Each structure stands twice: as C-alpha cells, then as structure tokens.
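Encoded as structure tokens, the structure appears first; notes follow it.
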C-alpha cells in the first residue's frame, strides 16, 4: 500500500457493525433508479417553470430571451439531479414535505449549472462537451454564457426566498441563503476552482502534501455544494442543529465519493460513455485521485467513503433514511 494512500485511510473512522445492518436496508438498484426518476421528474418540472421563454404569453425582449435560452440549455436537459434530490430527501428525513424544499432544491441545481458553465469556459477547464452535447459557450458564445451563469446564481437566491410563501420562517430562509452563499464563494466553489487551476502548475514536496491538497480542493469544488443541498433541505424541513450537522457530514462523504468516482471514470470510460470529454485531466496534468493513488486504490477509497457516509445516518428513521443509503451506493457503483 502506498504511503499516501495509507494516510487518507488512517483518517477514516472505523465502521461499527451496526452500520453494516443499516446499509443492508438500502433499496435495490432498480427500485432506487425508479425513485430517482420520479424525484427528477418533479424537479425538472419545477426547473422548467422557473425560466420562462415568455411573460404572460408575450415573448421576452430578444437579448433577455437569448440569456434565458442559455440558462435553460445547461439547466434543464440531462443531469442526475443528485443535489436537488438530496435537498428534498433531507427535508423529508427531518419531517418536512417535498414541496417545502422544492424552491431551494431548484436553487441548488441552478448554482450547480452556473458553475458548470463557468468551468467549461476556455479560460477555465476549456471543455467542449457536457452531458453528451456541446458546452454552453460553444452554442451561445462566451459572453452570453457568462451572463447566463450570473443570472442562474441570482435566480437561485430568488427561488430560495420564495420559500417564505410556503410557510418557511424568514429565519430559516435566511439561514438557507447564507449556506448557499458560503458554498458559492471563496469558502466553497470559487476556492475549489482556484485550487484546481493552481494545481496544474504546482509542485509538491512529498506525496502526503499532494494528497492533502487534492482532498482540500475537492472538499471545496465538489463536496461543498452537495453539503449545501443536504443542509438547506434539512433547514427547510425544520431539522435540529444536530440533524443538520450529521446530514452535512454524510453529504461531505458523498460529495468526495462522487469526485473520486468521477476521476476513476474519466480514466476508464470513453467520451461516448461519459457524455463529456474523457481523459482530459490526464492530458492536462491535473491532480486526480487515480493519479495520486491509482485506480484500484481510488475505488477502494470510494467504498470506504460510502461506509463513512452511512455511519453519519445512524439514529435517523430507518424507513426515511433508505433513499440516502441507496444514493451513496448508487454513486459508488455508477458507470457514467
């Protein structure tokens, strides 16, 4: 076992036997995929309604219409809807209703879509394929894409504030907005992307430093918005501080696991299978989990993160927690 791999495993807590019993109640793959599709259907409908192409049947002003088209292009089709689904499930887990968290769930997905648009720009990751189709700037141009990204983040705040009309207290709504703001800025996505860009030209003194940098980068770039989805959902559902913290810890593990598997698939699958450019990180010399610890060890780390995630769900209702257990299993097994 490589020293750098043993470092990261030593940081993981031992999994108690009770966690194995909890994981055994996760639904089957087919049941969960059906569950995901049903949730995604509700989410997609809400997202579609959030960005109209007309106003009371009157076409939008042409410049605004073009921005709306760009927003919809990245937001609506494709995507697993992991983040908004997590937001809804977290709300339900602590006793809330799906409808209560739907605006916030849409907001989280809008922030995610906005970040994808920026990440794909030539000055950032310079990608031309996303979800099996040309990236936003390839279709609408860089200027309109940047405007669309800005508009999506603004709309995310507006969506969350609309939760007050659903009976959510202003205090909870404010807390949710603060959590989203944290996830977007230099405590979250911005920091992660900056670290990703800097990592391309950075040298490390030893393997441990390289691994620590990689982990910190993806805590910010990937895991932070997954955390925000769970936290905001629990806030909307009226969860206690303890419940919110446990869901946040679960979501951090899930977010890191998602990135580990994303890196693995980038090296082991084709562009056609992934719906995006495969192998690009390897070509550009970016830090990835397979590069640091190898593909097999990266897969093993993802499995350990899965068990760690399940540990944080101890004590929740055994029926309501099934979707979260199944989500973690789904991510560690995913093929695209």
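Yeah, the Cβs are placed from backbone N, Cα and C, and that goes for glycine too.
In the three-state DSSP reading, residue 112 (isopentenyl diphosphate binding site) counts as helix. Annotated isopentenyl diphosphate binding site per Swiss-Prot: 80, 83, 112, 131, in sequence order.
Taken from Swiss-Prot, the feature Mg(2+) 1 binding site applies to 119, 125, supported by similarity to another entry. A simple way to gauge crowding: the CB of residue 119 (Mg(2+) 1 binding site) has 18 other CB atoms within 10 angstroms, across all the protein chains here.
Annotated Mg(2+) 2 binding site per Swiss-Prot: 119, 125, in sequence order.
Every protein chain considered, the tally of other Cβ atoms within 10 Å of the Cβ of residue 222 (dimethylallyl diphosphate binding site) stands at 23. Residues or ranges marked as dimethylallyl diphosphate binding site by Swiss-Prot on the basis of similarity to another entry: 130, 221, 222, 259, 276, 286.
As annotated by Swiss-Prot, transit peptide applies to 1-22, with the evidence given as sequence analysis.
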Checklist entry - For residue 80 (isopentenyl diphosphate binding site), what is the secondary structure state per DSSP, taken as helix, strand or coil? => result coil
Checklist entry - Near residue 125 (Mg(2+) 1 binding site), which residues of its chain come within a Cβ-Cβ distance under 8 Å, counting only those 6 or more away in sequence? => result 119, 196, 280
Checklist entry - Is residue 130 (dimethylallyl diphosphate binding site) helix, strand or coil when read with DSSP? => result strand
Checklist entry - Which three-state DSSP class does residue 221 (dimethylallyl diphosphate binding site) fall into? => result helix
Next on the checklist: Within a 10 Å radius around the Cβ, which one of these binding-site residues has the most neighbouring Cβ atoms: 83, 130?
Outcome noted: 83
Next on the checklist: Can you give me the same-chain residues 6 or more apart in sequence from residue 112 (isopentenyl diphosphate binding site) with a CB-CB distance under 8 Å?
Outcome noted: 83, 225
Checklist entry - Of all the Cα pairs drawn from 80, 83, 112, 131, the residues the record ties to isopentenyl diphosphate, which distance is largest, in Å? => result 16
